[in-house]
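As structure tokens, the structure follows; a few thoughts come after it.
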Amino acid sequence: MTDSDPTLRPDRLPEDVQATDDRALRPQSLDDFTGQEEARANLRVFIESARRRGEAMDHVLFHGPPGLGKTTLAQIMAKELGVGFRMTSGPVLAKAGDLAAILTNLEAKDVLFIDEIHRLNPVVEEILYPALEDFELDLVIGEGPAARTVRIELQPFTLVGATTRLGLLTTPLRDRFGIPTRLNFYTIAELDQIVARGARLAGIEADPKGTAEIAKRARGTPRIAGRLLRRVIDFAVVEGDGRLTQGIADSALTRLGVDDLGLDGADRRYLSLIAENYHGGPVGIETVAAALAEPRDALEEVIEPFLLQQGLIARTPRGRMLAHKGWTHLGMAPPKRPDQGELI
């Protein structure tokens, strides 16, 4: 049911890393999927409604931080609907012809998944509008005075878009998705279930305290939990007795630079920079990006969401500031702020 045509995905995307290992760990149905209770409950209703009506399901937009299951949910949707699944990404669709080639090859009610949909070429996006609303494709053939428009009828299909940057989607595109769904960070209990399931599928005997230790440090993200689990298993096999215990998990993750809260070296450099160089802020994001030699997008999409969710930093109109919890995590005392009497 899943089309893995390499022409659709010539470049490896972030979720393709460790794809072979992840495929076995990915749930195959909504019942197997852990977490995102509200999103799953709603999707179950929409899927069942589409099946009973015998129609293509309305278009879906998944948005939220990376690694929370957007691709997995799209694949599950296709399986639950009993239809074909095609996958591509925004940057790959450089020309209108690229999109036309995919859309014209879709069967009735198929699911087309476009990752990083906020990075669609504006020209391609314009072509997508009538396809989403009327299942029609308007293509311009030829150039200059000889140019003419050809309308192509499409089979009804379901577009599933995924983005980590909802604000970068144009309003016309965003409004054409009938089912916008936000995915949130997972709880430690949910991640514990995911880690335990992963260990079981890997054939590793896991102590409940061991899986809980990994879940606690997984930053609320299943993809990170899976990556940490694989590394802890490596340590358990080589330096332990093959069992995943709390001791081996703590030792392995500490050696990998992942602390008790799940922060890694990049996170701690971010916090330390604001604390030591800018006295806790506020400091502009461009300044932080330049000082860390990291792209602004990487900070806003990868590092900051979890720090904000944990209350370690704050975004203000004047820039980023270290919150009290951030100072505490670094083991530092926040600088004393001058009171009004001292200012006068």
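We number each residue from 1, going along the chain as drawn.
Placed from the backbone N, Cα and C atoms, the Cβ positions cover glycine too.
What Swiss-Prot lists as region 'Disordered' is 1-33.
Per-residue pLDDT, averaged over the region 'Large ATPase domain (RuvB-L)' (1-186), rounds to 84. For 1-186, the entry in Swiss-Prot reads region 'Large ATPase domain (RuvB-L)'.
Annotation comment: Swiss-Prot describes 1-25 as compositional bias 'Basic and acidic residues'.
Taken residue by residue with DSSP, Y186 (ATP binding site) is part of neither helix nor strand, so it is coil. Long-range Cβ contacts of Y186 (ATP binding site) within its own chain (separation 6+, distance under 8 Å): T34, G35, Q36, L68, I194, A218, G220, T221, P222. Residues or ranges marked as ATP binding site in Swiss-Prot (evidence: sequence analysis): L25, R26, G67, K70, T71, T72, E133, D134, F135, R176, Y186, R223.
The Mg(2+) binding site annotation in Swiss-Prot covers T71. T71 (ATP binding site) counts 21 other C-beta atoms within 10 Å of its own C-beta, drawing on all protein chains shown.
According to Swiss-Prot, the region 'Small ATPAse domain (RuvB-S)' annotation covers 187-257, on the basis of sequence analysis.
Summarising the annotation, Swiss-Prot assigns region 'Head domain (RuvB-H)' to 260-344.
Within 10 Å of the Cβ of R315 (DNA binding site) there are 13 other Cβ atoms, across all protein chains. Annotation comment: Swiss-Prot describes R296, R315, R320 as DNA binding site, evidence class sequence analysis.
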Notebook entry, point to check: In the structure shown, which of the binding-site residues R296, R320 has the fewest Cβ neighbours within 10 Å?
Noted result: R296
Note to self: Of G67, T71, F135, which is closest to R296 (DNA binding site) if I measure between C-alpha atoms? They're all binding-site residues.
What the structure shows: G67
Checklist line | Between F135 (ATP binding site) and R320 (DNA binding site), the C-alpha gap once rounded to whole angstrom | finding: 45
Notebook entry, point to check: How many Å separate the Cα atoms of G67 (ATP binding site) and R315 (DNA binding site)?
Noted result: 23
